[in-house]
């Protein structure tokens, strides 16, 4: 069937902010879909609330709306744009749920708008647990024994009959949100209550546990004439019971027989056909090889996280093909863009092994519960490609950008036996390291398989790595053993440790032996057809498939996996840099390892190397390609950290020099620069010991802000009020040394603001000044931000511009730089300078209409800003007010305190834009899913120093018609100022705060911490309960002021005579 001519305008629903379970993969799929539809000649309209994505760039769709993905705003845009159709299946769970909501509200019928791709009934059938179970029974597809519950008591009743353990799976959620495995009634009650709250239809499936079986995924495609194919099959390293987003995954499947693969393939195709899904679909199955049977776990009737992985693993562009299927094209009409010759109906073939390992946020949240289950906890993932499981796994581990770059974690050597076994049985994010340690200690693979239900095949691979390790230790500088090690993924650095030498010596010996990697192409067809893809991975074989052109090339280093502090914003900057390089006539070569992102779409660059971001792996690419140089400033701290070692090896680093980057990041050097220019900054000192830190704090005066040097996202940063707190911080939060000092700064209370700077080494352009709503002490990534600045005096703004220009020129900045200020007593103090792209680049590029990363790249490559049409100084601001709001994933992580502070905790962001501050704030809160009730009870429980401000806020809530509830101390303060307030009991008393939140007798919580340990523990419990039950929670008083501005702008004044 040719493409449909009866539709012209198509609206694409985006996926909203990045949260755990819904990350950058939807930026990738949404971008692909929009470009695909434009290519076919359709007019496209996009709605997405996330300003950090490539998808919301104005050139991706014909019209882009960065607006809240709520019924109110989407309906308004639909009535204005009147599209012929909506495509919801590329916007994750958010897109599907929005489509269902629009249909139920009658908007689609009212406006005569058609839903493209998978039909609503199919979505409902796949997502509604009861209907899905009924369909599987009709198809004779086996599902675990299960029951539907809409109350906690119904869940308990099913479990009483079936026995424990049971798995709880909420309907219409993603990332396993609200789910879990319950071992007993108490756990079941807790998980079900949470699951019912988080399910938009208040429904959960209670399922007999099949934990321990093999978990297999099939990524399938179907078109409107019932052609259906399998794009990719994948096997989870971890058995059923751990969310696939938290599991190590291999493609293609490694341990299944041909018969088993065929059995599961037939089931997957039968299901997609029965659901009549048009586009991409992910089928998850559990296989019990011992009984020769399987179960269907669930189906995602949309493009998913696994689709992005399958696309990158195979080279098959699932989202692009799905968009074309949605407008009527069939698989036998769509050309495969990888080969340029085969059609999309050909199933990809893989002649390599792909390994995906999740990236978890536990380096940020050290107190979080690291145990893995059916609710996803990872923020991102890495992918590595090799010729065998060992090579792919080892490359994936060193792609994670964690402190461990080898499967043999030296710190586990001192672990006692009981803790080792516990770490093996109770799966955590680091279980693979525990398994390897157990193998080193002589545990048999059969014993480990019995303890974990992980297939012996994979444990054998770990044993093989250990055997090679032993050979390396026994025979240093042996060419045959070295070749064996390299073919199995060992890095030069790790081999150096085993040979008691260093990475450079190993590299020199390897090159002397003529041992260098070759690059193989990912081409969807295992080399069967001629391919056009410039998409490569390294391995140690003979034939190199990456042909070096005679064009001048530039290597751009990506930012690796999505994590807190280094999110999709850096991928945005990377993609813009690639575009500028290509526009200037250079060949753009990307090195990155994140399967979720736009930068690793092979069509974005001239060449893509899917490799770990380490010195060795990057140098191997450079040795082959011989580029003009490398750009590091768009890849976050991951890429910046590679600048110095690459420069030491004679590689040209484009942009700000390594020496000037170090001047900005080294505290003593930076202090000298600040003083030489007469710039204000909070007093600060460095310390390399605990006693040195205490001495520094006492000379500056408490409170102080302490942090390690060279960090991103405020890792291990705290505000410390007393000596005991500082001693505890030094002991538990940082590893301090002469090479890694701790920074101790005066903590100034004031308003924070920040600027991004573009410089060509001479001219300096400041796109705008962003003002933070929360006062200093809250990490910039977690603060609400407004542009243009609303409350800064002209004097302060002028000072910020002057200081920013002076700093950029003094640091000889070429490219981008970010500067953060605190305004104290109407004076601007510099608190931080980051000589690289920051996480504010996407949002500022959009609100100022200055493509900052593109402009910066052109400056880096020698084109002056003036020649690019820019006027030096502060770029004039428009009339529209833009508010960025952070978005958090606290409901996914147990034991993580939601109190905001100097350590970054948000996973994503949204933007609200309008002509007034109150309207922009309202949109930002709505986009962040912080919907405010217009009446009810507000709980106020604050520390002593906040009580003065709390009185004013309480009065404003009271005047709006809200009732006030407070704990004893706060209640007395409010009552003394003439406010009617109800006193509520503390945690140990009856009718306490937590009970009331649990019973929905509190509609909003304002809670700031007290430093005393009992109150601190109470505060954590109050906050976590509010989050669990979906009650709006505020832990910073400035955010309360912002929400009051919104509520007051919507309220009418009622006057009595």
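Placement of Cβ uses the backbone N, Cα and C atoms for every residue, glycine included.
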Which of 707, 858, 915 belongs with 746, 748, 752, 777, 778, 779, 780, 820, 832 in the ATP 2 site listed by Swiss-Prot: 707
Model confidence over the domain 'ATP-grasp 2' (671-861), averaged pLDDT: 90
Residue 298 (Mn(2+) 1 binding site) versus binding-site residues 208, 215, 284, 777, 820 - nearest by Cα: 284
Candidate with the highest Cβ count within 10 Å, taken from the binding-site residues 208, 820, 834: 834
Residues 707, 746, 748, 752, 777, 778, 779, 780, 820, 832 [recorded ATP 2 binders]: greatest CA to CA distance in Å: 18
Of the binding-site residues listed as 208, 242, 284, 300, the one whose CA lies nearest the CA of residue 834 (Mg(2+) 4 binding site): 242
Sequence-distant neighbours of residue 215 (ATP 1 binding site) in its chain (C-beta under 8 A, six or more apart): 235, 236, 238, 239, 240, 242, 244, 247, 284, 285, 286, 287, 297
Within 10 angstroms of residue 820 (ATP 2 binding site), Cα basis - binding-site residues out of 129, 208, 300, 832: 832
Rounded to the nearest Å - Cα separation of residue 748 (ATP 2 binding site) and residue 832 (Mg(2+) 3 binding site): 13
Other CB atoms, at most 10 A from the CB of residue 707 (ATP 2 binding site): 21
Binding-site residues compared (284, 300) - highest count of Cβ atoms within 10 Å: 300
